[in-house]
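Single-structure report; data block below.
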């Protein structure tokens, strides 16, 4: 069994944790109100895929209200996909003068997501996901014991 982790909140203020909860709640409720009513309606293939994925993000964001630090990868995912989309879709469309209403609306939605990096406890993210040791790939072998142990 893995050793229990240290208290992950030892250096994160309760204000920051509650700020994360507010972000999760905003994402969860916002997506629930905008996406869930569209589920089950006829949609083009990719729009249906995106809506189903966003519906699950809403559920996971609501889990984040209860477990804000455990669900940080969800906020990282939100921040990273929006950054990629802005750099690879919106920016080239703007530079080429081909930005349409759909791109502009999505860009606005991504801009609202700019609050995510402002709320993340970056020192915790760095320590937890970069410098801390990883979970083992397999269980360590138990030391041999008894008279039949080979040395």
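Placed from the backbone N, Cα and C atoms, the Cβ positions cover glycine too.
Automated prediction, rather than curation, is the source of TrEMBL annotations.
The transmembrane segment annotation in TrEMBL covers 19-39, 45-63, 75-96, 102-120.
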Tertiary contacts of the transmembrane segment (102-120) (same chain, 6+ residues out, Cβ under 8 Å): 16, 19-20, 22-23, 72, 75-76, 78-79, 82, 85-86, 89-90, 93
Beyond the flanks of the transmembrane segment (75-96) by at least 6 residues, Cβ under 8 Å: 20, 23-24, 27, 57, 64, 103, 106-107, 110, 113, 116-117, 119-120, 125
